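Peer 1: Below you will find the structure I want to go over with you.
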Amino acid sequence: MEKLLTLWYGSGLYNLTLGQGVMVLVGLGLLYLAIAKKFEPLLLVPIGFGGILANIPEAGLALSAAEQAAHLARPGVLEQMAAALGVALDPVAGIEAWRGTLSDALHGDLSPTLVRAANDVAMDVGYANGVLYQFYNVAIASGIAPLVIFMGVGAMTDFGPLLANPRTLFLGAAAQFGIFATLLGAVGMSAMGWMDFSLNQAAAIGIIGGADGPTSIYVASILAPELLGAIAVASYSYMALVPLIQPPIMKALTTKREREIAMTQLRPVSKLEKIVFPLSLLILVVLFLPDAAPLLGMFCFGNLMRECGVVERLSDTAQNALINIVTIFLGLSVGSKLMADRFLAFETLGILALGMVAFAIGTACGVLMAKLMNTVSRMPINPLIGSAGVSAVPMAARVSNKIGLESNPHNFLLMHAMGPNVAGVIGSAVAAGVMIKFLG
Amino acid sequence: MSANILMGEGLALMALGMSFVFVFLTVLVIVTTLMSKTIGRFFPEPPAPVATGNRRPPAPRQDDDVMVAITAAVHRYRRRHRR
């Protein structure tokens, strides 16, 4: 009978908290969106599955050794850990209260040295870091995974349309207004007392408006790691929702005649220009914004491998095998941040709402900028390509093309929209660099 | 009071950030345009004309060969069948 009870106390059903149950459902929901609705499946499948793994009761896949020990270890070990952390344990309170105190201390803002000491104590008695926790440390906390993905994106990007019409870079710049407007929105919400975001957290939330998954994960891992789960989920789900969010805004801001504007054929771009472009971008980054160097440096490197034409094998690996491998680990690591006690907070709702606003404002600013450029310049510019200034390559460009075809069946905007689209990638990386410069 | 400071910092960051993004991309536009012009002037695209130049000659040459072969064959056939 006693053995049966032990089995029961060790079961997931006995230990499942309400929050964990909800988060398992959230994970299943993400899987549903990815598999049945095809929303960014490459990322939402690993993220959703990682979220479920992270919320398995007692397994502690997403916990460090110290956190697991605080939850499971004998009283003697707890005392040792408390000594290492410099926390006082109330002798009368009983062991459950001790566990609570230690967990709070580990989640609080103690110095990393103390936390490391507690981790060593836990490892000495045989506790190990959970596997998702390890993935997170290697892939995201070190900053590697988003950067390697950015290199792969660089290797997939064709700058031809941008080089043929460099002025589309302005559209990419205008669409970044969504980032900064959202930052202001997050700060405003805290000022009104609705939420409690610091300036760093507000900046990390704003980057969602850049519509660039790796960039927002990179910035969040530096400025606000505690919000990373919500930010990553928000940015990837909105990237998937681009075809739903953008069209109403684009149609509201343009007249039918503007949507029918046909653009002139792009000039052919020589191979040499394509090789020199990533290098000149890199030099500008070096000169003006070294803080964007990790992101844009990897991006330029990937693009140079693609265009130089002598390292086809490396370029092929960067845009296929490597990016796929890293995507698996990135997705699982983001999933590890979907733990109930941190994700199920009022702030998460705020982040999801702000992310949506960021997208909408970015789209609107891109379209308005394109209208402005159309009135100023001699060459006609269809305002629909402005919305592609939020990155989300190549989804946003496809949306521009589709809306353009609806108004004028002979108007193919796809290539014209790819220019602002890749400009948006550069723009959001620059905005990320500015944020890291001021707040990092 | 701290709320106001927070708002102020947010506004400052927005103004600074947005203007920096614009300045950076404007410089990028200028550099890119200059780069394209320079390359267009000093290294005018050899590959494209070469590619089309290579492609065109073979087609007629091939046609000639084929025509020669066909005429020869037809000629021979007719000669044989006359006899």
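Cβ atoms here come from the backbone N, Cα and C positions, even for glycine.
As listed in TrEMBL for this protein:
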| type | residues | note |
| --- | --- | --- |
| TRANSMEM | A:12-35 | transmembrane segment |
| TRANSMEM | A:42-66 | transmembrane segment |
| TRANSMEM | A:135-157 | transmembrane segment |
| TRANSMEM | A:169-195 | transmembrane segment |
| TRANSMEM | A:201-220 | transmembrane segment |
| TRANSMEM | A:227-245 | transmembrane segment |
| TRANSMEM | A:275-301 | transmembrane segment |
| TRANSMEM | A:321-340 | transmembrane segment |
| TRANSMEM | A:346-369 | transmembrane segment |
| TRANSMEM | A:417-439 | transmembrane segment |
Peer 1: With pairs closer than 6 in sequence left out, are the transmembrane segment (A:201-220) and the transmembrane segment (A:227-245) joined by 3 or more CB pairs under 8 Å?
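Peer 2: With 3 or more qualifying Cβ pairs, these stretches touch.
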Peer 1: Does the chain bring the transmembrane segment (A:346-369) near the transmembrane segment (A:201-220), so that three or more CB pairs sit under 8 Å (pairs 6 or more apart in sequence)?
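Peer 2: Contact confirmed: at least 3 Cβ pairs fall under 8 Å.
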Peer 1: Should anything in the same chain at least six residues away from the transmembrane segment (A:42-66) have a Cβ under 8 Å from its Cβ atoms, list it; otherwise answer none.
Peer 2: 10, 12, 15-17, 20, 23-24, 26-31, 33-35, 72, 81, 106, 115, 118-119, 121-123, 127-133, 136, 213, 229, 232-233, 236-237, 240, 327-328, 330-340
Peer 1: Establish whether the number of Cβ pairs under 8 Å between the transmembrane segment (A:275-301) and the transmembrane segment (A:417-439) reaches at least three, counting only pairs separated by 6 or more residues.
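Peer 2: These two segments touch.
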Peer 1: Would you say the transmembrane segment (A:12-35) and the transmembrane segment (A:417-439) are touching, if the rule is that at least three C-beta pairs must lie under 8 angstroms and be 6 or more residues apart?
Peer 2: no
Peer 1: Take the transmembrane segment (A:135-157) and find every residue of the same chain, 6 or more past its ends, with a Cβ under 8 Å from one of its Cβ atoms.
Peer 2: 62, 129, 213-215, 217-218, 221-222, 225, 228, 278, 294-295, 298-303, 305-306, 315, 318-319, 322-323, 326-327, 329-330, 332-334, 336-337, 393, 422, 425, 429
